């Protein structure tokens with residue numbers, strides 16, 4: 001009996017995988033998942049994990065993985081189709097009979113899948129020393145060539161002859177998406193003189209091919225024509241290899257090209273898939289979210305990559321929530337993922353992953369970076385664009401968080417660029433002052449002094465991101481901040497080694513100024529050993545926010561007649577002043593005690 005793909009999906013949704021697994025082994029709840037001793041290898045410590053929400057099992061020991069049907073297949077020795085039938089019978093689920101059209105569809109599908117497997121065997125036999133050398137120069141190893149079944153389609157009639165010898169009608173190759181027809185009616189091999197890369201579905205069946213030209217012909221890459229088994233809007237290259245790793249790491253990395261996937265997989269990043277040169281679709285996103293809660297986009301940094309990012313952002317915003325996330329790796333200029341890992345190594349790419357930015361941060365980068373906002377109109381347009389993004393979010397809590405995030409970014413990055421600094425006499429909360437620095441510059445120095453005196457604070461991502469994203473008036477100080485965060489904080493340099501490292505740089509004078517025991521830029525009470533760092537951070541953050549408010553307050557008074565908005569600024573300023581006064585009293589009490 002043949003079972004449809006739709007019925008497979010019905011079983012996955014209908015039957016809790018933990019109920020089936022529990023019949024074979026004891027499971028213990030751990031957070032939202034279950035754990036137990038793996039039935040597929042000997043172990044003493046449970047490494048077998050089951051997730052009902054993701055409808056998936058994974059063993060951290062032997063790497064066995066799959067859905068409820070795959071588990072039944074592995075346990076019973078039955079085929080995938082037979083296991084689906086067994087589960088349906090065990091749970092009293094009626095198996096729908098195939099209609100005549102469905103039978104014809106699956107017969108045709110089987111024929112196409114068989115032709116594609118034969119085509120792949122042929123392509124694999126055509127790898128010449130020249131082709132292998134090309135692949136080796138791209139740092140693709142012999143093991144990887146075999147693992148991904150990379151082949152070659154020669155520029156001759158061997159391909160057609162191969163199938164004719166097997167008594168397979170040439171028109172069947174067209175149904176499989178392997179050949180095309182010229183305007184004059186002549187049939188041609190779609191992948192002639194191209195490296196071939198088989199595209200497999202989630203069940204590890206070849207459903208199409210990608211082809212990469214050897215020379216400079218265009219198009220450089222192409223895919224099989226779409227068929228009844230191959231739709232680019234649904235398939236992701238590498239998905240059959242990525243799913244178990246994505247489940248294990250609770251994330252997927254989405255790139256643009258075949259060789260990006262191959263290079264990253266070879267470097268140990270097995271959770272990588274590619275979108276086959278097409279726009280990312282809702283189907284792609286939902287498929288990846290079923291395996292892991294986070295999708296990390298790693299697209300080229302050129303204009304095409306930025307446009308692809310914007311399309312994906314607009315597609316994803318109605319779908320994301322506090323659990324289902326999108327983030328972005330920002331590649332250095334001129335690098336694609338393949339180049340990044342081959343030229344700089346796996347550790348370099350791992351650091352790029354660690355420094356990935358959130359969806360909200362990517363939106364801000366796209367709308368703000370490299371642009372000027374000198375006029376009220378330009379600023380209003382920025383606010384409108386950001387609001388439009390927020391309005392696409394369906395999750396109300398997340399939408400509110402995005403509004404707050406963009407509001408904070410506008411304060412930090414736009415208001416601080418105004419030349420005029422307004423300090424109303426009502427502001428009785430003062431930071432340590434100097435004849436050489438404005439109050440804002442004093443705060444910039446104070447933030448940098450935190451790097452040196454309290455580096456533990458920067459383990460908090462929110463604090464690190466806030467400091468890193470500030471646009472300093474003092475550009476030398478900004479360069480010091482970037483260097484110190486990346487080279488000292490991120491690399492966890494030991495305290496007794498820092499001075500020797502900084503001494504060899506152009507930042508040594510700044511370092512000495514900021515690291516003095518009687519630091520001018522931090523209040524005397526902040527230098528106590530028992531200072532509560534959370535209060536210290538609140539004080540500095542609120543002080544910085546207050547200065548921004550004061551500047552925006554002044555701009556609002558001078559540039560428009562929106563009195564309601566002016567009153568809101570004034571009310572917020574008074575509120576922050578009072579909060580700072582309370583914090584000041586806390587520090588005074590600490591100093592006295």
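Just so it is clear, glycine is given a Cβ too, placed from its N, Cα and C backbone atoms.
Matching 13-37, 38-62 against Swiss-Prot, the residues noted as zinc finger span 38-62. Shown are the binding-site residues 256, 300, 302; the one with the most C-beta atoms within 10 angstroms of its own C-beta is 256. Here the zinc finger (38-62) has Cβ contacts under 8 Å with residues 12-13, 16-18, 21, 24-25, 27-28, 30, 32, 68, 70-71, 74-75, 243-244, 247-248, 290-292 of the same chain, all six or more residues outside its ends. Mean model confidence of the zinc finger (38-62) amounts to 93 (pLDDT, 0 to 100 scale). Cα of residue 256 (Mg(2+) 1 binding site) to Cα of residue 302 (Mg(2+) 2 binding site): a distance of 12 Å.
Broken down by DSSP into helix, strand and coil, the zinc finger (38-62) contains 0 helix, 8 strand, 17 coil. For the domain 'Toprim' (250-332), the DSSP counts in helix, strand and coil order read 33 helix, 16 strand, 34 coil.
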